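Feature annotation from TrEMBL assigns transmembrane segment to 6-23, 69-88, 94-114, 135-154, 166-185. Under the heading domain '4Fe-4S ferredoxin-type', TrEMBL lists 240-270, 313-342.
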Amino acid sequence: MILDWLLPTLIATLILLAGIGAIRRANLWRAGQAEKVDILAGLMAMPKRYLHDLHHVVERDKYMSRTHVATGGGFVLAMVLVVLVHLLEINSQILAWLLLAALVMMFCGAVFVFKRRLNPPSRLSKGPWMRLPKSLLTFSLTFFILTLPAAGILPDSFGLGEMGQILLGLVFGVLVLLSLGEMLFGMTWGGPMKHAFAGALHLAFHRRPERFGGGRSTGLKPADLGGDSHGVAKPEDFKWNQLLGFDACVQCGRCEAMCPAFAAGQPLNPKKLIQDMVVGLAGGTDEKYAGSAYPNVEVGKAVGSPTQVITEGLVSADTLWSCTTCRACVEECPMMIEHVDAIVDMRRFLTLEKGDTPNKGAEILENIIATDNPNGYAPGSRTHWAADQNLSVMKDVKKVDVLFWVSDGAFDMRSQRILRAFVKLLKAAKVDVAILGDEERDSGDVARRLGDDATFQSLAKRNLATLSQYEFNTIVTTDPHAFHCLRNEYQDFDEQGALQEVEVLHHTTFLNRLMEQGKLSVAEFMGGKVTYHDPCYLGRYNGEYESPRALLSGLGIEVAEMERSGYRSRCCGGGGGAPITDIPGERRIADMRMEEVVATGAELVAVGCQQCTAMLEGVVEPRPQVRDIAEIMADQLVEGAA
Ligand code: SF4
Ligand code: SF4
């Protein structure tokens with residue numbers, strides 16, 4: 001029968017083409033910069049990373065996770081068995097029956113993929129992705145029928161005469177070519193199934209392997225300073241495994257749905273950005289992109305190649321400056337792609353090489369360099385806020401239990417109220433605390449997010465040199481951005497070991513410990529309905545969702561949660577230097593967040609970040625009150641009771 005030779009020939013040809021495609025694709029990734037990975041350990045870890053870590057994110061959407069397990073799992077199993085039964089022609093009814101079972105599993109999954117695609121949400125890419133469910137259904141049905149004789153269910157040659165066999169052979173030959181072609185050829189030559197091939201390797205060679213197994217890895221990697229160029233100008237300036245990571249994108253648009261800048265109509269869509277990076281690494285234009293565009297930016301005009309400067313034709317600088325570095329996209333991405341790393345890498349080129357930081361960016365960076373604070377206040381005024389606080393200063397006491405890292409709230413009158421409230425609580429709990437006073441410098445957070453890693457590294461090193469002179473067990477701060485730098489980013493520069501064995505805590509975590517130890521006593525809050533806004537740099541960056549809520553609950557407050565809270569909380573719009581670069585959109589992110597506050601019916605929104613307080617209080621009244629948890633607690637403090 002014609003199928004006896006046609007089928008193995010088609011399968012073998014497509015496997016060969018897939019192999020050639022794989023080599024071709026891998027060469028595109030290899031155009032990137034060197035990055036050391038443990039190849040063997042990565043490959044060994046890949047199945048667990050796929051089944052556990054990736055599945056954990058997909059599982060947030062139960063429909064999709066079950067659909068994916070059935071379709072993907074069914075396909076992998078079926079493909080192995082197709083090779084055994086139809087290519088190697090192993091004569092085993094058991095294998096044939098197993099293949100039938102795998103194909104039924106895949107078919108069931110594909111039916112749900114099909115249903116999903118009948119009326120797809122706007123975040124899903126269309127185009128070739130609309131073809132995929134049909135290819136999946138065709139693959140499973142075609143091979144199901146072709147396997148029936150091997151399973152002994154139908155006679156060999158399907159009991160047909162010569163003409164019937166030729167006709168059947170030709171029809172099935174075409175169906176195999178189309179469906180298996182999509183599965184194998186498309187996987188390595190750029191079809192929708194590319195995500196399976198690149199995704200598996202991306203999991204194996206991920207740049208942050210510590211993210212797997214429930215770990216957190218959020219600190220930016222240091223820029224190499226002093227070389228010929230800084231940051232990422234062209235796609236080939238990315239590390240090779242970053243390029244591989246871009247290719248793993250499945251265009252699910254979960255990042256797009258979470259991005260505050262996209263929702264605000266700023267010219268950013270993290271999904272489109274990743275797809276533009278794919279255009280850049282492979283060369284070409286974005287005219288085949290079939291998903292939502294950057295708001296108010298036409299699709300089809302972007303052109304890129306591995307050696308072409310990204311911001312000269314592929315992605316506009318405004319797109320990169322729209323990001324608040326909130327990590328909502330990274331947290332949501334089932335392929336564990338690192339959008340923020342890529343965005344800051346490209347900002348580094350704009351800032352360090354071109355001096356092209358928009359709006360107030362250059363002025364703020366100059367201020368930080370000249371005065372160690374973003375607004376250019378006289379460095380000597382850093383401790384004015386504490387003139388009446390009777391606080392110990394490190395250079396006097398040298399050794400203390402807790403060092404209070406004040407951060408730049410010291411220069412802002414609104415933030416000073418938060419600092420004073422926190423000090424009131426520390427004193428009530430009789431904490432052995434001191435501040436650095438005028439020796440403290442800006443943490444470097446804003447400089448780093450704006451791409452000025454040189455200034456950040458200089459600040460980090462000078463702060464660490466100061467810290468290394470003193471002895472303390474804990475650093476506590478009311479500023480989640482400084483908290484993140486001290487906790488997750490300073491270690492790369494801490495040659496003196498100033499922060500070794502030091503616990504860095506956010507003030508809500510610290511206050512929660514004091515409450516648990518019975519060192520603070522508070523009266524019940526009677527002020528009406530309260531909601532809580534999770535700061536990105538506390539929640540998604542550091543996993544602290546519980547302490548602020550425990551403190552509010554300790555005040556008798558039952559938090560009226562917003563629709564987006566916890567790991568899905570929406571940014572206030574204040575991170576990543578976004579208020580400084582100030583890229584126009586259709587709405588303000590803080591206004592959208594305040595709408596979510598209002599939707600809960602709360603009269604008060606509790607926060608744990610000076611930046612969030614400033615952003616949310618910047619929303620025009622009438623609106624609910626905005627207060628830091630330390631302020632709410634300080635008002636309810638029962639002094640002398642603990
Ligand atoms: S980090 Fe936040 S603002 Fe930036 S692309 Fe991701 S979701 Fe959008
Ligand atoms: S980057 Fe991640 S979340 Fe965004 S579309 Fe691609 S796979 Fe989905």
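Along the chain as shown, residues are numbered 1 onward.
Cβ coordinates come from backbone N, Cα and C, glycine included.
Long-range Cβ contacts of the domain '4Fe-4S ferredoxin-type' (240-270) within its own chain (Cβ-Cβ under 8 Å, at least 6 residues beyond either end) map to 25, 28-35, 37, 64, 121-125, 129, 192, 194-195, 198-199, 201-203, 205-207, 277-278, 281, 291-297, 316, 318-319, 322-324, 326, 328-339, 341-342, 345, 568, 570-571, 573, 578, 583-589, 592-593. Mean pLDDT across the domain '4Fe-4S ferredoxin-type' (240-270) comes to 98 in this model. Here the domain '4Fe-4S ferredoxin-type' (313-342) is broken down by DSSP into helix, strand and coil counts: 14 helix, 0 strand, 16 coil.
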